[in-house]
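Visitor: Take a look at this one; I'll ask things after.
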Amino acid sequence: MSIWWRKSELPLLVLYAVVFYVYVIRRSLNLSHDYFHQARGLVPGWIPNQFNDVSDAQWRNFRGNLPILTFVLGIFTMVANMLRAHYNLKAKGMSIVWLVISWIYLAYLHGAFIIFILSIVSANYLLVKIFGRRKYFLFVLWLFNLTFLLSNRIYTGYSFSVFGKQWAYLDKFRGAFRWYICFNFVVLRMLSFGYDYHWANCNRFDQKKHIQRCDQCSSGKTCYLLLQERSIPDDRFSFNIYLCYLAYAPLYIAGPIISFNAFASQLDTPQKNFSLQKVAWYGFRWVMSLFLMELMTHFCYYNAFALSGLWKNLSPVDVFIIGYGVLNFMWLKFFLIWRYFRFWALVSGIETLENMPKCINNCYNLESFWKNWHASFNKWLVRYMYIPLGGSQRKLVNVWVIFTFVAIWHDLEWKLLSWAWLTCIFFIPEMIVKSAANTLKVESMFGVVIWHELQAVSGAITITCLMVANLIGFVIGPSGINWLSSVFFKREGLPVLGGLFLTFYVGTKLMIHISDAKQKRF
């Protein structure tokens with residue numbers, strides 16, 4: 001019964017999904033056509049008779065600076081690769097090459113304010129070297145880095161004038177980008193360096209056993225886990241390699257995040273998992289994704305509508321469509337930014353984790369979502385926070401600590417803390433439903449059917465919760481909770497809420513079918 005029913009329901013699920021997306025795209029086009037004159041952040045686009053939505057500051061800056069970024073990173077990567085090949089440079093030599101290149105890059109980005117960066121990172125290096133082998137070191141490391149993470153934001157990067165009038169003229173040389181924004185990533189790297197130095201001689205990882213069990217490593221290649229966990233020589237923890245790691249140009253602005261061990265290992269031996277052909281194909285796929293983003297921002301003005309507050313005057317159905325569109329826009333924006341910088345790292349011989357390995361529309365539980373949204377940050381949090389805090393044995397407590405840190409790391413805003421705490425609350429129903437589903441997962445056909453249905457219900461609940469948390473955290477803020485409730489918990493909104501839940505239920509069942517098909521293939 002189970003197999004027959006699952007095969008029979010698949011065409012119906014696909015049909016529902018096609019009808020849903022046709023309706024959403026058509027309604028989005030109509031909304032953009034009817035209300036574009038009320039939206040903020042639209043500029044004439046390169047497509048005739050169409051405006052372009054550049055209301056998101058992060059996307060606008062990235063898109064506007066793409067030509068100069070590509071030129072600069074292309075020159076930097078070519079010079080570094082030529083010097084490596086000509087002089088057969090290893091870790092020490094390559095660290096000096098990238099150190100010079102990267103700090104020239106930082107001088108352009110931040111001007112005279114690189115003095116603050118150098119001062120803080122040098123103090124962190126001394127702290128690691130002096131206290132790195134002590135039992136209480138991790139407490140000191142976190143205290144130091146959290147202090148500067150918060151104070152950088154509170155004082156918006158400091159000012160030279162506080163040191164005296166004779167230094168005030170340096171405040172004019174701010175560069176092209178605010179240094180304390182990029183410094184959030186530097187904090188993660190400083191913590192990684194400290195942890196990896198602290199763990200350097202602990203023998204925490206059985207390399208031989210891993211190579212035997214790992215398909216990639218046993219085939220002669222090197223997986224990222226091995227790069228990250230294996231011990232590296234003490235001379236790799238030198239000041240110049242440390243500075244090179246913190247300021248490495250292809251990953252400096254936005255990541256993806258890479259651990260110190262993995263970075264230092266590849267300075268010596270460049271990555272071999274991606275051939276030139278694979279890297280070129282990776283770049284071509286990125287260009288196609290950029291074209292998709294251009295089509296979206298030229299024809300569907302989701303973000304402009306959200307920032308303009310226009311959706312507050314629309315029907316519940318239109319509110320859902322714009323909210324859903326905003327989340328897809330956010331996913332594609334970060335997908336493009338992170339893959340762009342990962343591409344340049346691969347070209348220069350450094351492999352990092354893929355930050356968006358799975359589409360936002362193919363995640364139906366919180367764990368899966370966070371493993372596939374900013375995946376390198378997730379791995380960083382697991383390695384340096386989740387496991388040291390006790391791992392799965394203290395999961396419910398750990399998620400509160402970790403998500404609070406993630407919110408503060410992004411920025412000091414109440415809406416981000418609201419997003420973090422809502423996400424933690426939403427973990428609870430998922431765990432309850434998942435526990436019930438696992439309890440009923442029996443070998444009988446009826447039990448299997450019930451188990452799949454509970455999975456789908458759990459997925460629908462999770463996706464709804466994720467939408468609410470992300471919209472509150474990144475779009476409407478905590479004050480928007482009452483407004484969102486007033487839209488959907490009334491006579492006109494309740495049918496839409498029911499349809500929304502049904503749609504996510506169908507979407508989850510489709511994702512389960514896709515997941516099962518992949519497992520059978522491999």
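Heads up, residue numbers simply count up from 1 along the chain you see.
Cβ coordinates come from backbone N, Cα and C, glycine included.
So TrEMBL lists the following for this protein:
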{"type": "TRANSMEM", "residues": "12-29", "note": "transmembrane segment"}
{"type": "TRANSMEM", "residues": "66-84", "note": "transmembrane segment"}
{"type": "TRANSMEM", "residues": "96-121", "note": "transmembrane segment"}
{"type": "TRANSMEM", "residues": "136-155", "note": "transmembrane segment"}
{"type": "TRANSMEM", "residues": "176-195", "note": "transmembrane segment"}
{"type": "TRANSMEM", "residues": "239-263", "note": "transmembrane segment"}
{"type": "TRANSMEM", "residues": "284-307", "note": "transmembrane segment"}
{"type": "TRANSMEM", "residues": "319-338", "note": "transmembrane segment"}
{"type": "TRANSMEM", "residues": "395-410", "note": "transmembrane segment"}
{"type": "TRANSMEM", "residues": "416-433", "note": "transmembrane segment"}
{"type": "TRANSMEM", "residues": "454-476", "note": "transmembrane segment"}
{"type": "TRANSMEM", "residues": "496-514", "note": "transmembrane segment"}
Visitor: Against the transmembrane segment (454-476), which of these stretches has the most C-beta pairs under 8 Å: 12-29, 66-84, 96-121, 284-307, 319-338?
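Guide: Checked against 12-29, 66-84, 96-121, 284-307, 319-338; highest Cβ contact count belongs to 319-338.
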Visitor: With contact taken as 3 or more Cβ pairs under 8 angstroms (pairs 6 or more apart in sequence), are the transmembrane segment (239-263) and the transmembrane segment (176-195) in contact?
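Guide: Since 3 or more Cβ pairs under 8 Å link them, the transmembrane segment (239-263) and the transmembrane segment (176-195) do come into contact.
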Visitor: With contact taken as 3 or more Cβ pairs under 8 angstroms (pairs 6 or more apart in sequence), are the transmembrane segment (12-29) and the transmembrane segment (284-307) in contact?
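Guide: Between the transmembrane segment (284-307) and the transmembrane segment (12-29), which are separate recorded stretches, there is contact, as judged by 3 or more close Cβ pairs.
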Visitor: Which residues of the same chain, at least 6 past either end of the transmembrane segment (395-410), have a Cβ under 8 Å from a Cβ in it?
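Guide: For the transmembrane segment (395-410), the far contacts come to 149-150, 184, 187-188, 377, 381, 385-386, 389, 416-417, 419-421, 423-424, 427-428, 431, 473.
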Visitor: Using a Cβ cut-off under 8 Å, which residues of the same chain at least 6 positions beyond either end of the transmembrane segment (319-338) come close to it?
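Guide: For the transmembrane segment (319-338), the sequence-distant neighbours (Cβ-Cβ under 8 Å, at least 6 residues beyond its ends) are 24, 27-28, 31, 56, 58-59, 62, 254-256, 286, 289-290, 292-293, 296-297, 300, 302-303, 305-306, 311, 355-356, 359-361, 373-374, 467, 470-471, 474-475, 487, 496, 500.
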